[in-house]
Amino acid sequence: MRVAVLGATGLVGREMVRVLEERNFPVDELRLLASPQSAGREILFRGASWTVRAVDERAFDGVDLALFSAGSGPSRIWAPVAAGAGSVVVDNSSAWRMDPSVPLVVPEVNAETALGRPIIANPNCATIQAVVAAWPLHKEAGLDYMSAVTFQSVSGTGRAAVEELDRGSRAALAGEEPLPSVYPHSIAFNALPHIGAFDEEGVSEEEWKMVRESRKIMALPDLSVSCTTVRVPVFRGHSEALLFRFRRDLAPERAREILSRSPGVVVVDDPASASYPLAREAAGTDPVYVGRIRRDTALDRALALWVVSDNLKKGAALNAVQIGEFLLERGALRP
Ligand code: 2RA
């Protein structure tokens, strides 16, 4: 199978290549694509060095699956070109997520919606881990309200933010002046309630993604969602304090049992022994980890949970490759 990765030199693009190798995806030819500025770099795949080339009109000729993580602008330009060349596009940018003709897919929730579609949108990382935890419980008890407070790592922003956290933390500890930041404020030893632009009501783009994408993925257009998204000085792994309210009561023990056998989920939940999901332990792994499962202290029929996952893997690259695996399994991709 011919597979292209557009945005191959970015953090998510590189993770896509790693996940394709890790999961032994049947790649016969790998086309690593990027902007002209990034062309020429070498990326290792299956022990061989592959050269990144500049994307152009012919880059997708003969490509079966095109994984994109190049930002919304390039996705809007190149996804139709790739689809026109007969590729199935799985796009990690926000460009197509709310397009009614484009499915927004988390395989554990709504894989079927991807079938037969030329362009498939990969949801926002913070949304993916929330719906992986919410969906099995919704099927049991009927979700009618969700609250999410997120603690998002800097790798969600990109390589420059990762470098800033490293250098900025050292500078802060050395009592030096803060370095120029990719954020409105230095991230070192800080917490920024600011991911994406604010609208006139003071709600951020990232918060609206959680609201709108959760409703679309779970096909719950009337789901009430509250959200505050926060950037924290963590390199990799998003953590979320979630609250789910249901139409029918759901005991924590029953929720734990359901989640323990849900695809893509690992329950880590023994607070008495300080056992709960941690970003530093989730980094580099596949699952969505769920813990601190308990009745909410204020609302009836509501559970509070702590959900952690690697934002570059399940939050992006792994989810995209799993969509490809599903399509392959269902014969919806040229083998
Ligand atoms: C972030 N969810 O964490 C956004 C994009 N990856 O920055």
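Note: Cβ is positioned from N, Cα and C throughout, glycine not excepted.
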Record says Q152, E205 bind substrate. Source is TrEMBL. Which of R117, R231, R236, R245 does it list for that same site?
R231
How long is the line from the C-alpha of R231 (substrate binding site) to the C-alpha of G156 (NADP(+) binding site), rounded to the nearest angstrom?
9
What binding-site residues in L11, V12, E205, R231 place CB under 6 Å from ligand 1?
none
DSSP on C125 (active site, acyl-thioester intermediate), three-state: which is it?
helix
Spatially speaking, which of the recorded positions R97, C125, Q152, E205, H238 is closest to G10 (NADP(+) binding site)? Use C-alpha to C-alpha, please.
C125
Cβ-Cβ distance under 8 Å, sequence separation of 6 or more, same chain as S155 (NADP(+) binding site); the residues meeting this, in order, are L11, A161, V162, F235, R236, N311, L312
